Amino acid sequence: MRRLLKPIKDVGIVGYGAYVPMFRIKNEEIGRVWGVNGFPIQEKSVNNLDEDAITIGIEAARNALKRARINPREIRALWFGTESKPYAVKPSATVIAEAIGATPDLDAADFEFACKAGTEALQAAIGFVGSGMAKYAMAIGADTSQGRPGDHLEFTASAGGAAYIVGEKTSDTLAYFEGSYSYVTDTPDFWRRQHEHYPRHGNRFTGEPAYFHQIISAAKGLMEELDYSPSDFDFAVFHQPNVKFPLTVAKILGIPKEKVLPGLLSGIIGNTYSGATLVGISAVLDIAKPGDRILWVSFGSGAGSDAFSLIVQDAIEEKRELAPKTMDYVNRKKYLDYALYAKHRGKYIL
């Protein structure tokens, strides 16, 4: 049985863009408040008072359009992956589409699958363009992720996102998809019920049954279908809830950490949830050379992974200079203490 996901037409990325808010809080500051030592990362990004998943998505989408150099009205689908959408009943995708000038002749919808909502949207965009139904489709993954005060998730849950415009493969394409592979199981590792402010997690399911099983299975499935080995890839980006987990995956798969570190940003911006691998890939595209092959594997609790093989093309050299690079946002910092952080994140709930 053929398990590789590959559209009829070859498709690729014609534009990409990321956005990370400028505010930061150090893990040391969070630990000071809660009396905790030993931290999973160094610091994380924090959204401003007027920023949410929608505004992050808009900024990322605008950067993607700068690199694509296309009329936004040519985009026939805009799909937004997030688990922190501002409205329970009202699509966020329509707000983004209106803000970038893509309305009204397009399909728009919000996607949900915990931290892999962004790549879920990307899979749909690849299929939509690859079937011939549209010239361009945009997939966005962005979050202002939540963590209960004092919970270990609070040390990593952060804000950021990235957008990708998918189009038919041409010489103007920045990179193209060789194929993808998706893997899902019903694993109760993380959830948030309706009307609850913060997610809960089943600790014993978090590591091996959820994250490691899904990501490794998806990565191995993709490589098996494409008849590749880990050595065939120049870069690898895995979902990054922290620094330890993706480096452990790389070690298990036999991928040197030097191929992972360029896209591993969680140590300095935290876990951007639906944006995590999308932001990581954007950082890799900012430095990759034509001909480089990239392994891209997301993860979403509940649980599942999407794996992609991406080959960089010549057009990357010019187009990546047309918008701010990911590290430009990462290196732009203003630190908050815990009181201001709690205000920015709306943690004062009466």
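Including glycine, each Cβ sits where the backbone N, Cα and C put it.
Positions annotated as active site, proton donor/acceptor by Swiss-Prot: Glu83, His239. The active site, acyl-thioester intermediate annotation in Swiss-Prot covers Cys115 and rests on sequence analysis. Marked as (3S)-3-hydroxy-3-methylglutaryl-CoA binding site by Swiss-Prot on the basis of sequence analysis: Cys115, Thr156, Thr206, His239, Asn271, Ser301. The feature CoA binding site is assigned by Swiss-Prot to Arg204, Lys244.
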- Task: Under 8 Å Cβ to Cβ from Thr156 ((3S)-3-hydroxy-3-methylglutaryl-CoA binding site), same chain, six or more residues apart: give me those in sequence order, or none if nothing qualifies.
- Result: Pro40, Ile41, Lys44, Gly147, Pro241, Asn242, Ser266, Gly270, Asn271
- Item | Those binding-site residues listed as His239, Lys244, and which of them has the most Cβ atoms within 10 Å of its own Cβ | His239
- Item | recorded positions near Glu83 (active site, proton donor/acceptor) (Cα-Cα within 10 Å), from Cys115, His239, Lys244, Ser301 | Cys115
- Mind giving me a neighbour count for Ser301 ((3S)-3-hydroxy-3-methylglutaryl-CoA binding site)? Other Cβ atoms within 10 Å of its Cβ, every protein chain shown. 27
- Task: Note down the number of other Cβ atoms within 10 Å of the Cβ of the residue listed as 'active site, acyl-thioester intermediate', including every protein chain shown.
- Result: 31
- Message: I need the least crowded one of these recorded positions (Glu83, Asn271), counting other C-beta atoms within 10 angstroms of each C-beta.
- Response: Glu83
